[in-house]
Structure formats: structure tokens, C-alpha cells
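Visitor: Mind looking over this structure? Questions follow.
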Amino acid sequence: MTRTIAVTGAAGSIAYSLLFRLAAGAVYGQEPVRLRLLEVPQAVERLQGVLMELADCAYPTLLEATATTDPDEAFADADAALLIGAAPRKEGMDRADLLRRNGEVFRAQGAALGRSATADVRVVVVGNPANTNALIAAHHASVQERADGRRVDPSRFTALTRLDHNRALGMVAQKTGAPVDTIERVTIWGNHSNTQVPDLTDALIDGRSAPAVLADLCGGAERARAWVTDEFIPAVAGRGAAVISARGASSAASAAAAALDHLRDWTFGTNGARVSMAVRSTGEYGVPAGLVSSFPCTVDTSGAYQIVEGLVLDDARRSLLDDSVAELTAEREDAAALGFL
Ligand code: NAX
């Protein structure tokens, strides 16, 4: 089966770490891929350089790669779209300014996806504010008239919190010395912002309860809780800023790896494992319906995701999630006030 994948912001940093792995089979294995790369006119020349390098890799799995500045052309018959391109936050811009710039981008791209992509397209929004950009794009996709009479369901639009999830896994591995693949059921709840809620309550390390392992390591349950609250949660939520301050540039390779993990798991299933995905709420865990929020999810072998239900949130996590949901609600209100919803 040949897959057609659209990537926006294709001349940017994250895309430069992502496109070569995608072309080489990191998501679809031996299945051939067609890449449709979207950029703004100012970046087209840079994108030509990326196209040259893709060709120079001579990947057997890369059937074709093309570049365009037209969203309908980029998204034509797309099976998946990685929406990475977004207007960056510049000095002096507040959240409303950023939303105004990106609302335009995601309104137009959502509408083009609704018209031109396959009706079952999988959309992963990476560009910030990712959750609300996904909400805006989903809305405009779902109202488009299509030649095939179908509609793209808003649930096909997700946002990336897998990077936060992977950061949490990496930090638990470093703290405990356990290999990453023995750590399960880590969850990121809420918004991809510093209000996100990284959660280890139900996590397992080599089959043992993570809080119990941490209590042994920290010298008691109280100290373990303090480590989670005072060190782990702020470190995961602040990791993006820490990378910028150390590297002088924002996370790129890790964001690319996470976007590929997200798309691969959503396409082929998680084999029962829980991953964090920001998906459209239908009211789970008190998150108002329609918001795009991060939840613990599983994906079955048919490629359908489900939010893991029935978890009990203690007062501390409930209050943190409420704060993150309040932020998502405010972003949705701002987007509506700006005419994007
Ligand atoms: P870069 O500035 O390196 O690249 C962005 C690219 O997008 C540029 O080449 C630009 O020309 C292009 N672009 C802008 N508007 C576009 C449009 N309307 N259509 C097509 N292309 C467009 O940024 P990069 O480091 O690649 O980051 C991209 C986005 O990812 C940013 O919004 C960033 O905030 C966000 N991130 C999201 C993360 C997540 O976990 N959800 C983590 C990493 C990253 O911070």
C-alpha cells in the first residue's frame, strides 16, 4: 500500500529531523511513501535543498517528494498530514497575537484538508498552540463539501503531546535506572503548554507500581510525592524551555521523533500500551466536549484510538487538570472571539 503524507513547515527545523526518517520507513516500514511538502513562498528555495537531499538519500521506500505553497495541492488524497509549520512567537507577542496569526493558518489548512485529503486522514498538529490549532483546523475541515459526499470528522485531528510523554519516560528512566521500555502507563493530561499534567500515579516500572518504586528510591512515599510534585512535573513541563536555553534553539529532533511515534502508533496500534495523545474530548474526565486535550489513549489494530476510561484522579491531579482545561477553554474562547470558530 502506498501512503501519501503531507508535511507543513517542511523547510523548518523539526521537518529536517523528520522527513528523512519518514522517507526511510520510520512510520510505514517497507510501505512506499509519497511526500507532499508545504511551505510559505519565502522558504521555497530552502525547501528545494531539502528535496535534493531526500533524492540524494536514494531511499527505496520514497516513491516521490514534491513541494508546493498551495495547501489543496499539498493535502490532495493525503492519508496523513503532519502540521508542523506555524508562525513563531516573536518578542512582545502575547497569546492572542499568536492565536490570531496561527488561527489564519490553521483555518485555511483545515479547510483544504477537509476538501482535498482522504476522508479518513490522520492529522497530527505540532505547530503551537497545538491543541487549539487542531481544534480550529478540525472545525474548518468538517464543514467542507467534498466531491465524495463524505466529511472529515473532527476526531481525525489530533495534537502532539507525545514529546511531553517521551520526556516523562526519559526522566523516569534516568531517575530509576530502569530501561525506557520497562516503563508503562505514563500519562500527559491537558494542554501542550506549561499547564500540562505529567502523571505517574498509575505508571508501572518493570511491572511494579511507579509510586512504590519511587518511594523505595527516595526514602518513603512522602519524599517520592515531593519529587513528583516539585521536580518531575515542573521538569517535564519546562523541558522545552530548558532545551532552548541550553541549545539556543527549540527541540527539533525529539519533536520529530515524537511526531513519528504518534503517527506510527495511531496507524498500526499500541498493542494495549497507553500513549498520550491530544484528541477531541467527548466529555471524558470532565474535559468539556469538543476541546482537544491530552489523554491516556490506546490504539487498536484497525487504527482507531480510544481514551482510557475509568481512572480515578486524586484531588491534586484533578486540580492541575482543571487549570489546564481552563487554559484550553480560554484559548477556545479567544479563537471564537477572533472568528476562527
Ligand atoms: P521552524 O521555524 O524551524 O520551522 C517552521 C517552518 O514552518 C518554517 O520553515 C516556516 O516557513 C514554515 N511555515 C510557517 N507558516 C507556514 C504555513 N502557513 N504553511 C507552511 N509552512 C509554514 O520551527 P520548528 O522548530 O520546526 O517548529 C515548528 C512548530 O513546532 C512551532 O510552532 C513550535 O512551537 C512547535 N513545537 C511543538 C512541539 C510539540 O510538542 N507540540 C514541540 C516542538 C516545537 O516547539
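Cβ coordinates are placed from backbone N, Cα and C, and glycine is handled just like the others.
For His192, the entry in TrEMBL reads active site, proton acceptor. The feature substrate binding site is assigned by TrEMBL to Arg89, Arg95, Asn128, Arg167. Annotation source TrEMBL lists NAD(+) binding site at Asn102, Val126, Gly127, Asn128. The domain 'Lactate/malate dehydrogenase N-terminal' annotation in TrEMBL covers 5-145. Sequence annotations record features per position, and here TrEMBL assigns domain 'Lactate/malate dehydrogenase C-terminal' to 161-337.
Thinking about packing and proximity, how do these listed features fit into the structure?
Guide: The Cβ of His192 (active site, proton acceptor) lies under 8 Å from the Cβ of Asn128, Pro129, Ala130, Asn131, Ala159, Leu160, Thr161, Leu163, Asp164, Ala278, Ser294, each of these being in the same chain and 6 or more residues away along the sequence. In three-state terms derived from DSSP, His192 (active site, proton acceptor) belongs to neither a helical nor a strand segment and is classed as coil.
Taken residue by residue with DSSP, Arg167 (substrate binding site) is part of a helix. On its own chain, Arg167 (substrate binding site) has Val236, Arg239, Ser254 as residues at least 6 apart in sequence with a Cβ closer than 8 Å to its own Cβ.
Classification of Gly127 (NAD(+) binding site) by DSSP places it in coil, neither helical nor stranded.
Averaged across the domain 'Lactate/malate dehydrogenase C-terminal' (161-337), pLDDT for the predicted model comes to 97.
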Visitor: Given Val126 (NAD(+) binding site) and Arg89 (substrate binding site), what distance in Å do their CA atoms have, once rounded to a whole number?
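Guide: Here the two Cα atoms are 14 Å apart.
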Visitor: DSSP secondary structure for Arg89 (substrate binding site), reduced to helix/strand/coil, please.
Guide: coil
Visitor: Tell me which of the binding-site residues Asn102, Asn128 sits in the most Cβ-dense spot, judged by other Cβ atoms within 10 Å.
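Guide: It comes out as Asn102.
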Visitor: Counting each residue once, how many in the domain 'Lactate/malate dehydrogenase N-terminal' (5-145) are helix, strand and coil under DSSP?
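Guide: Final tally across the stretch: 69 helix, 25 strand, 47 coil.
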